[in-house]
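One structure is given here, and the rest of the page talks about it.
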Amino acid sequence: MSAETDPVKVMKQEVGKAAAQRVQSGTIVGLGTGSTTAYAIQYIGDRIKKGDLKDIKGIPTSFQAEVLAKEHGIPLTSLDAVDHIDVAIDGADEVDPQKNLIKGGGAAHTREKVVDSLADQFIVVVDSGKLVERLGSTFKLPVEVIPMAYAPVMRAIEKLGGKPELRMGVKKAGPVVTDQGNMVIDVTFDSIDNPGELEKTINNIPGVLENGLFVGVANVVLVGEVKDGQPLVREM
Ligand SMILES: O=C[C@H](O)[C@H](O)[C@H](O)COP(=O)(O)O
């Protein structure tokens with residue numbers, strides 16, 4: 001067992017490490033956002049330091065990922081400098097049996113969707129608590145909106161049957177502001193029956209930049225678990 005004893009942290013650590021082990025030298029790697037991907041970024045950095053991984057270039061999905069990548073010695077590039085991404089590693093807030101996701105718990109889903117969708121292989125890293133039968137059952141759907149449109153977007157979402165809340169800052173007065181300078185509306189739906197259709201419908205509301213439904217984007221889902229006190233990682 002790792003020195004970490006909190007089971008959720010152990011699962012995140014192990015699944016992050018397993019994803020980092022799949023990265024190959026000479027590749028362009030999308031670097032996701034959140035506490036689970038943070039471990040993958042750390043282990044990619046460790047492999048670079050050991051000389052086990054060479055000629056890697058990372059594309060961060062957020063300010064957080066960029067800072068972490070620099071801290072761990074991962075050289076960075078940007079989408080205008082490359083014509084493809086080999087692999088992206090990113091977390092999720094919910095994963096359904098079809099590998100569809102809800103993302104955006106850290107308000108980073110817009111840039112994440114750009115990077116993760118471009119990758120030849122998108123590896124999702126989650127602890128087993130993120131697995132659900134139906135999206136929206138444990139997590140509100142994040143929707144990034146431009147600030148001047150937040151009120152009409154909330155009304156339009158209500159008409160779709162959702163209960164919208166403007167995400168408020170913690171240790172910051174007022175709303176959460178994304179890396180793009182926008183706001184996030186978290187939406188409770190009684191049931192998301194057709195995630196693909198809802199993804200398009202919400203993105204079609206004027207003022208919406210992107211929502212956190214990732215439908216048909218993930219290729220591989222790595223799940224961290226603790227069984228009989230032992231951490232293990234399985235592919236879904
Ligand atoms: O906006 C944040 C991202 O979509 C994260 O990847 C997601 O919230 C999962 O984060 P964590 O690994 O911290 O649970």
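Cβ atoms here come from the backbone N, Cα and C positions, even for glycine.
Those TrEMBL annotations? Automatic predictions, nothing curated.
According to TrEMBL, the substrate binding site annotation covers THR33, GLY34, SER35, THR36, ASP90, GLY91, ALA92, ASP93, LYS103, GLY104, GLY105, GLY106, LYS130. All protein chains included, SER35 (substrate binding site) registers 16 other Cβ atoms within 10 Å of its own Cβ. In three-state terms derived from DSSP, SER35 (substrate binding site) belongs to a helical segment.
Feature annotation from TrEMBL assigns active site, proton acceptor to GLU112. Sequence-distant neighbours of GLU112 (active site, proton acceptor) (same chain, 6+ apart, CB under 8 A from its CB) are GLY32, THR33, THR61, SER62, ASP90, LYS103, GLY104. Mapped onto three states, the DSSP output places GLU112 (active site, proton acceptor) in helix.
DSSP gives ASP90 (substrate binding site) a strand state. The Cβ of GLY105 (substrate binding site) lies under 8 Å from the Cβ of GLY34, ASP93, PHE139, PRO142, each of these being in the same chain and 6 or more residues away along the sequence.
The sparsest Cβ neighbourhood within 10 Å, among the listed binding-site residues (LYS103, LYS130), is found at LYS130.
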